[in-house]
Amino acid sequence: MSQDSQHGKWTISSSDDDDDDLPPSGTAASKPHRPAVSNHSSIRSASPPGPKLEPVSATVEVKPEPAKPPVSSLVIGSEARQSAAMNKLNPVKYETSPSLAGKRKKEVSDGSGWALSDSDEEDGDVRSLSNLPKKAPPSPKAKKPKVENERPPSPHGRLYYIDEPDDFFESSIPCLNDTYRFYLNKVTGLDRKYNSGALHIRDILSPLFGTLKESVQFNYCFDIAWMVKQYPSEDRPVLIVHGDKREAKARLLQQAQPFPHVRFCQAKLDIAFGTHHTKMMLLWYEEGFRVIILTSNLIRADWYQKTQGMWMSPLFPRLPKGGSATAGESPTFFKRDLLEYLGSYRAPELEEWIQRIKEHDLSETRVYLIGSTPGRYVGSDMERWGHLRLRKLLYEHTEPIPGEERWPVIGQFSSIGSMGLDKTKWLAGEFQRTLTTLGKSSLRSDPLVHLVYPSVEDVRTSLEGYPAGGSLPYSIQTAQKQLWLHSYFHPTVRVHCHAMPHIKTYMRTSPDFTQLAWFLVTSANLSKAAWGALEKNNTQVMVRSYELGVLYVPSAFVRTFPVHKNPFPVSSSSFGFPVPFDLPPTCYSPKDQPWIWNIPYSQAPDTHGNIWVPS
């Protein structure tokens, strides 16, 4: 079986089902079929050999190279990830000659580079190598002197970043659409109107939104030095909640040595291939308390030229002393659910924050919390987390709509896990049933499902060019097992002007794409690790990762949400929902292919004149 691609045809070999890399259900400690890796900390020179990429009729012959040990500037968990990270560090200039041996672009680099997580490719954030162990330098003479005030490492090289203009950051409270409290991030290099009503992390943490006393940062990737610089004062206590173990944890702690006000809380990851993927800020001010649930890692690249999203809560006031235990609850039970989610960490470091939340009034919250936490759940606990939690909320808090079978479902994400040999394995058999739940209707409608995922052309013409694909880790090894999935794909047509999405959103729209029945922004990509998968004849659900998002349903606002067709510039009087991509979604053209990050793209240069040649 073969599939046409931009560089010819790649031939698909036969492979096992989608769970060939996962432990058997019900046995967390069972040995998986391939060597187990544990959340960025297990270092291997090469992964087990996978199905081969065999170009059949390419203009330029491209052959896979044999496995190589990581070079001194890269330590990553597989050959594919090594190739991707190498390409990001040293993009290859487009050459008109047929040779692929073109010279690499020379860029300033401190040699630290970037790497990717050792976890399953499903969760696909890019991780700074500063979190991973490094090889010792060849000799003391080879060690470079420390350069003060350097930018953090970039997957594009240090010359890639451009400075933000003077008016990029807010000096007064910005014009925000507070109806939904859903905001996009600012993108460097765009016309000012496309950043109207958008926020940068420096804006979020600034005194514009409160006098910050202390904070917690839940995330997956960290650049501690860069993060500290985003705060208005560098001495306010910060607690980092992370999932790193062993060597990766040691590297993270080493990053924080210059910052004694930074403390750590390690999330428990007891199931293989799980990650701490949640992205949340808890901000405690002199004036009150705020929660922000977002899609960005705490690294500069994620706040530079990518489309990201966030829900920012109102400023929650402190409750009068002596109130009841249920005081300050919202109609969506957000306070209860947030406390339950924090309690699932079983972490002493979070106890003081649990107490602080109890002391504040969260009654103004109008969204529902949807989290994932690692574990195997049975009985009523199956509906506490993951997609079964989403199904329960849609069942209880939405209403059937006449002609609902014509209301399509849209999912948009930046990474894709193994779905199985056909759609019945998980996508249609399980996840789609959740997404199509609409109230207590007995109708089991089968509407269209549109999956929005960048094409090769999307990535090539993006602001970042091909290196943007380093944050879209869909591998050839996974893609070749599920060619059926690609018929669902639609390219990313950007409201945010060629900024590649790292945001993850799911929604149900009217047939004319002018109304939303519900909307979800979350950290969860399209993967069983993130959303959970049923086991043991549907009597148990297993979730591998920590994830977090918020669900908007009409009962908390209006009957349906009107779609805001032109969200920029933002107007405080707008009642439309700012969907972060253009509607309706358009199908892939016959020439389009989904972006796959570990195969070459060499026939056309990107916006920076580079080609993509994993090496």
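Including glycine, each Cβ sits where the backbone N, Cα and C put it.
Copied over from TrEMBL:
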REGION    1-157  region 'Disordered'
ACT_SITE  His277  active site, nucleophile
BINDING   Lys279, Lys504  substrate binding site
ACT_SITE  His502  active site, proton donor/acceptor
SITE      Ser527  site 'Interaction with DNA'
Looking at the recorded positions His277, Lys279, His502, Lys504, which sits with the largest number of other Cβ atoms within 10 Å of its Cβ?
His277
Just to verify a number: CA distance, Lys279 (substrate binding site) to Ser527 (site 'Interaction with DNA'), in angstrom, no decimals.
17
How many whole Å apart are the CA atoms of the residue listed as 'active site, proton donor/acceptor' and Ser527 (site 'Interaction with DNA')?
15
For a quick check of packing: other C-beta atoms within 10 Å of the C-beta of Ser527 (site 'Interaction with DNA'), how many?
28
Any idea what the Cα distance is from Lys504 (substrate binding site) over to Ser527 (site 'Interaction with DNA'), rounded to a whole Å?
12
Give the distance between the Cα atoms of the residue listed as 'active site, nucleophile' and Ser527 (site 'Interaction with DNA'), rounded to the nearest whole Å.
12
